[in-house]
Amino acid sequence: MVGGNAIRGSRVGAGPMGEAERGDSAPRRKVTYYCEHGHESSPSFAAEAVIPDSWDCIRCGLPASQDREHPPAAPRTEPYKTHLAYVKERRSDEDGAAILEEALQALRKRRSL
Ligand SMILES: [Zn+2]
């Protein structure tokens, strides 16, 4: 057995999938997840790891899935949406729209700084 391993060790660079291993002892694979906002998160997992059905978006923190067409819905615990829903409960749609526009403008201003 020892002899066989030594021979295999000399063939680094020719993995079973034809991928170069470059000395990385743990082969990894990249999985892409899509959130409701269309962000892509591509964490990599150990080849033998169980790939989770969902992943938190690296950009907005929403749950993301591998199904680009059907990303998971945002949970109700998202602070911004919860606040907006709260505001909408108390005000007319017009007021809600104005508040949303105001919030978006504040957001854009913050991003341009
Ligand atoms: Zn996202």
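A Cβ is built for glycine as well, from the same backbone N, Cα and C atoms used for every other residue.
Note that the coordinates shown come from a computational prediction; the quantities given were computed from them, not determined experimentally.
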Task: Using TrEMBL as the reference, determine which range in 1-27, 55-81 is annotated region 'Disordered'.
output: 1-27
Message: Around the Zn(2+) site formed by C35, H39, C57, C60, which additional residues qualify by having Cβ within 8 Å of the site's Cβ center?
response: Y34, E36, H37, G38, S41, I58, R59, G61, L62, A64
